[in-house]
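Working notes, structure below.
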Amino acid sequence: MADLTPHEGGSTPGKKPTQMEEVEEEMGTQQAMGDVHGVGIKIQRAEEVYRAYAGLEDKPSKGEVFAWNLYELCSYFIHTVLIPIVFPLIISQTLHTREPDVIGWSNRHDGTYCGPKQLKLYEGLTNRLIKVHNMNFSPLEWTSISWFTGLILAVPILGSISKHFDHGQSQQLISVAAIAIGALFCLPTGFFRTPWVFPPYIAFIVAANTAAAASHTRHFGLMVRGFIGPVLRRSQFSSRREVAGWLSLYGTAAGSLGAAIISAFTYHMLRVKEKFFALWIVLIFSGLKWLVGISHIFVTHRHTSTTNSTQNSTATAHMVSILRYPHAIGGLAGVFLSSFSTMCIFAGGVLFLVGQLCLKPAHFFYLLLTYFLFPLLSLPLLHPLLVLMKTDAVKMQLLGFLLSTATSGLGFYYRNKNWDTLHVLLVAGLQSTSVGLLHAFGRVLLLDCSPPGKEGAFSVWFSWVRAVGTCAGFAIASTIPGKIGSSLGIAFCTSVFGIVILIFGNVSNMGGAIDAGHVRHVGEDGKNGLPPDDSWDTGIGMEGGEHAETLKRGKAEV
């Protein structure tokens, strides 16, 4: 006998459900799916909030690391080649330079012969033919003034965007706008053949590059945190030191390659008869090359901090919060002194080799290639030394200052001698290694001193102070082009002062990392929600180490 007991849902076997029952069943299914979907959204939002609060970052992918190095390749040349070399050259082509007195120059330095083209190029850079009221300026000095104007223009811009870098949602837009504006101002530089149009071009390029470099440096700090995790034990700090050194050294090496490309292209275009338009092509190519680096911005979007203590602060308070971190202040002093001394040596040395030693054009080309390509070999080889000797960023900066001291000291001592080409190339390789070390580990030190959620503010300071030091060194060397002893003497004293600041100023990687919260104080086990000392992992190769496991446990509980 068939079972006639009514089934659950009010329907019996063999009886079709009514239209009302179908609607109710469909609504119940949609409600269940909506509940599941809502729980998923809540989990995702809770995870994002927790990651931002705890300072967690995703482990960078290979593509992200490659794109970060790509931007270094496409932008490092701006403050090393484009502004200090290309712009003075093209400005000099807008002026009418008299033919040089070859006879008066041919017997300088024990019979060293200077060709007419070399002399015309040198005098075009150093002669003060730009008249402003009662003052005269050379193309080198005109570039220095324009450079300084750009740094002043960058101050309010950097002050307004520093908080957006850390707590806004427009980091990508700011970076794209900065790069696009800077690259755009490289394109029309040859429309008007007059020196008066170059100050706004240079100023906007400098301001844009400073803002873009700040974003790039902040990205570096977030990637290091993604590889290592937000908080480490003292014994694990070496992991952060190795990863940060590796990223920064290889990025600087890539930047040196980009600078070598532009310098070689500039040398080639100077052989063209119409040099003004040839250099304009160099500037156009530079702008397009800079635009290529914009691709790194779209590779990833990293979350911003959501801590109330920093979100509620004003933009000015967020910007000057670096003053509460003495190790970061010491790091900034090192960045300024290093960029000043290295640019003073570079600019003064180039002017001396071209104008006084009359280095042959082919040998000068080899000099540029050595200066910009040697770091491709020396910097990666120094990373195993860093790991083996367990040296931190401060010690590597000291090594860079010592190399600059040796270079400037040798140049000062032999300033009245003829320099053999081989010796010039050896000194260039030594000095280029110093430049790479100081740039790479100045960045590492400052980001080690930056607390989570303030990488943008600290990066803004790093970018601007580095640019100020580079501009000041260039201005000093270009003001006294015929006095190599003065340029090298100033650079020597500056390098020594940098060593004194780092040693006697008690600047420390570990101390800065502890103040920033990257490394726990001794005895903090179990406090403030931190796990015991033996429960922490380095986090290398994982997404935040133990923090990833915490997120997984939280998902399971939900």
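Every residue, even glycine, has its Cβ placed from backbone N, Cα and C.
Predicted automatically and left uncurated, TrEMBL annotations should be read as such.
Copied over from TrEMBL:
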COMPBIAS  544-558  compositional bias 'Basic and acidic residues'
REGION    1-30  region 'Disordered'
REGION    524-558  region 'Disordered'
TRANSMEM  70-91  transmembrane segment
TRANSMEM  144-161  transmembrane segment
TRANSMEM  173-192  transmembrane segment
TRANSMEM  198-215  transmembrane segment
TRANSMEM  243-265  transmembrane segment
TRANSMEM  277-299  transmembrane segment
TRANSMEM  328-352  transmembrane segment
TRANSMEM  364-386  transmembrane segment
TRANSMEM  398-416  transmembrane segment
TRANSMEM  422-446  transmembrane segment
TRANSMEM  458-478  transmembrane segment
TRANSMEM  484-504  transmembrane segment
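Below 8 A, the CB atoms of the transmembrane segment (173-192) and the transmembrane segment (243-265) form no more than two pairs separated by six or more positions in the chain, fewer than 3 in all.
Listed as Cβ neighbours of the transmembrane segment (144-161) (distance under 8 Å, sequence separation of 6 or more from its ends, same chain) are residues 83, 87, 137, 174, 198-199, 201-207, 210-211, 214, 315-316, 319, 456, 460, 463-464, 467-468, 471, 474-475, 478-479. For the transmembrane segment (364-386), same-chain residues at least 6 beyond its ends with a Cβ under 8 Å from one of its own Cβ atoms are 80-81, 241-242, 245-246, 249-250, 252-253, 256-257, 259-260, 263-264, 267, 346, 353-354, 396, 421, 424-425, 428-429, 431-433, 435-437, 440.
Against the transmembrane segment (484-504), the recorded stretches 70-91, 243-265, 328-352, 458-478 differ in Cβ pairs under 8 Å, and the greatest number is found for 328-352. Within the chain, the transmembrane segment (198-215) has long-range Cβ neighbours (under 8 A, six or more residues past its boundaries) at 75, 78-79, 82-83, 87, 90-91, 142-143, 145-147, 149-151, 153-154, 157-158, 161-162, 165, 171, 174-175, 178-179, 181-182, 185-186, 188-189, 297, 456, 459-460, 462-464, 466-467. Taking every recorded stretch in 70-91, 243-265, 328-352, 458-478 and counting its Cβ pairs under 8 Å to the transmembrane segment (398-416), the highest total belongs to 328-352.
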